[in-house]
Amino acid sequence: MTSPSNLTHVAPQEQRFLVLFDFDETIISESSDDAVVRALPGQKLPDWLKQSYREGHYNEHMQKVLAYMAEQGVSKDSIHSAVEKIPPTPGLLNLLQYLQNHQQDFELVVVSDANMYFIETWLERAGVRHLFHKVFTNPASFDATGRLVLLPFHSHSCSRCPDNMCKQVILRDYLVSRQKERGGMPFQRVFYIGDGANDICPSLALGPRDTAFPRRDFPMHRLLLGMQQFKANVVPWASGEDIVDCLKKIVKER
């Protein structure tokens, strides 16, 4: 990837399309939480901690997991290394290379229920952090004792989403704020790339000219297959190359 200093500055108004990425199992090939848990001495959580999870309260559960890891002596360096080693999904880096080559057309954003420390660490290591205009995720940072402290992103009233994050609220607010910043000009099209059940809610905000890219045979894809009324186009992907092929056609339309 080209370093930020080599990139030509592009005025935001010129970017016609918005591309939103989930992170876990979309940009990277597995859950970052699962990868980090393997830094534990036994490489797995005790049953009592696994069983403490409550549906819809995953952020709260991960706060307990990270506290437990600190108690077990898992260092910041070990966590950092575990995150950096996670491979990208197939063809993902090719997709990002394509988007970098067409940065005049695409604004990129991450919307993820992971956390800021994991995402920033991985994107920096992969050399692609500069491609993303914004990262929306749960705050996380190390405290003075060496524990990674995780917080919820926000509160909301959406019954479909976990208590700490509704991605549709994030998407709608972002579209409104960016349109104001762009002098009243909306994006011509919005593309949402994801894999999980929590990627359905933001996809419901997409319109007929927009496209949802669910990872093939993952929960988002299976749920979309069962939906009768869905406004946006749906293009399943197994590799980032599948997304590149679709975007190439749209860019040519102008």
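Each Cβ is built from the backbone N, Cα and C atoms, and glycine gets one as well.
The active site, nucleophile annotation in TrEMBL covers Asp22. The Mg(2+) binding site feature in TrEMBL is assigned to Asp22, Asp24, Asp195. The active site, proton donor annotation in TrEMBL covers Asp24. Positions annotated as substrate binding site by TrEMBL: Asp33, Asp113.
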Task: Shell of the Mg(2+) site beyond Asp22, Asp24, Asp195, same chain only (C-beta within 8 angstroms of their C-beta centre) - done: Phe23, Glu25, Thr26, Ile27, Ser112, Gly194, Gly196, Asp199, Arg215, Phe218
Open item on the list: Using a 10 Å cut-off on CB atoms, tell me which of the binding-site residues Asp33, Asp113, Asp195 is the least crowded.
Closed with: Asp33
